Amino acid sequence: MSVHIEAKQGEIAETILLPGDPLRAKYIAETFLEDVVLFNQVRGMLGFTGTYKGEKVSVMGTGMGIPSISIYVNELIQSYDVKNLIRVGTMGGIQADVKVRDVVIAQAASTDSQINRNTFAGVDFAPVADFSLLKKAYDAGIEKGLSLKVGNVFSADRFYNDQLDKQQLADYGVLGIEMEAAALYTLAQKYGRRALAILTVSDHIFTGEETSAEERQTTFNDMIVVALEAAIK
C-alpha cells in the first residue's frame, strides 16, 4: 500500500493507462479488459487490473492537473514498480487542422507550471515522451486507419486562465492544451520509466466546438484502443 493507493503488491500491472477521470478508468476496464479486479478506490480514484488480448494491464484515474497526477505517478513507480505509464485524456485543440475527436500523441509537453523550474533550479527542462511507446502507438493508430497528429502539447497549470496567450502557442506549433503530460513525462524520465500521453481533442479553443461531458467519460474509443495496443506490443 501507499498513501493514496490501497493495492497489494502484485495487483498492479507493469503497464498502466492513466485517464484523469476515474469514471473513464471504470469505463475502460468494463469495456476493454477481461478478468477485471478493482485494486483502488481511495478518495474515489478507481483503479482496475485486467487483461487485454491475454496481457496484464491496469487502468487508474489520476485526477486533474499536475499536482494530482504527480502524486499517483510517484506512488505507482516508487511503491508498485510500474514500468510503462500511458495517459489517456482530453485536450483542447488550438491548430486549424486539429479537429474535435482527433487523436493526438504528445511528443513533448511544454508547461507554465513552476514545478520543473523549482526542481531544476530555474532550468527549463524539456519533458518528452518515450520514443518506443510513441512509435508503437503511432503504428497501431496507422494500422487502424486513424489520422493521428503527433507533436508538442501544452500542460496548463490552470484550467481557467485568461492571461495565457493561446495564439502564441499555436503560432509556435503547439497542437493543444491539457493539464498533465509535462508532469508525467518529467517523473518518468526521473525514474527511468517509459511514458506517453495519447489525447482526444474534446473541444477546440478557437472555434468553440466541443463534446459533451458524457461523451468525454464514455467514448473516445480510438484513443483507448491505440493506448492498449501500444501497451501490449
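Just so you know, the numbers here start at 1 and follow the chain as drawn.
Each residue, glycine too, has its Cβ placed from N, Cα and C.
Annotated features in Swiss-Prot:
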BINDING   H4, E178, M179, E180, S202, D203  purine D-ribonucleoside binding site
BINDING   G20, R24, R43, R87, V88, G89, T90  phosphate binding site
ACT_SITE  D203  active site, proton donor
SITE      R216  site 'Important for catalytic activity'
* To do: Between any two of H4, E178, M179, E180, S202, D203, the residues recorded as binding purine D-ribonucleoside, what is the biggest Cα to Cα distance in Å?
  => 31
* Using E178 (purine D-ribonucleoside binding site) as the reference point, find which of the recorded positions R24, R43, R87, R216 has the shortest Cα-to-Cα distance to it. => R87
* Same chain, 6+ residues apart, C-beta under 8 Å of the C-beta of T90 (phosphate binding site), given in sequence order -> G20, E178, L199, T200, V201, S202, D203, R216, F220
* **Cα proximity to R87 (phosphate binding site), best match among binding-site residues H4, M179, E180** => E180
* **Cβ atoms near R43 (phosphate binding site) (within 10 Å, other residues, all chains)** => 12
* **Cα-Cα distance linking H4 (purine D-ribonucleoside binding site) and R43 (phosphate binding site), given in Å to the nearest integer** => 8
* Structure fact -> Counting other C-beta atoms within 10 angstroms, the emptiest spot among the binding-site residues G20, G89 is G20
* Structure fact -> Within 10 Å, the Cβ with the most other Cβ atoms among the binding-site residues E178, E180, D203 is that of E180
* All-chain count of other Cβ atoms within 10 Å of S202 (purine D-ribonucleoside binding site) -> 22
* Given the recorded positions H4, R24, R87, R216, which one's Cβ is surrounded by the fewest other Cβ atoms within 10 Å? -> H4
* To do: Using C-alpha atoms only, work out the spacing between M179 (purine D-ribonucleoside binding site) and R24 (phosphate binding site) and round it to an integer in Å.
  => 16
* What is the total of other Cβ atoms whose distance to the Cβ of M179 (purine D-ribonucleoside binding site) is within 10 Å? -> 24
* Structure fact -> Among G20, R24, R43, R87, V88, G89, T90, the record's phosphate-binding residues, the widest C-alpha separation in angstrom comes to 22
* How long is the line from the C-alpha of H4 (purine D-ribonucleoside binding site) to the C-alpha of V88 (phosphate binding site), rounded to the nearest angstrom? -> 20
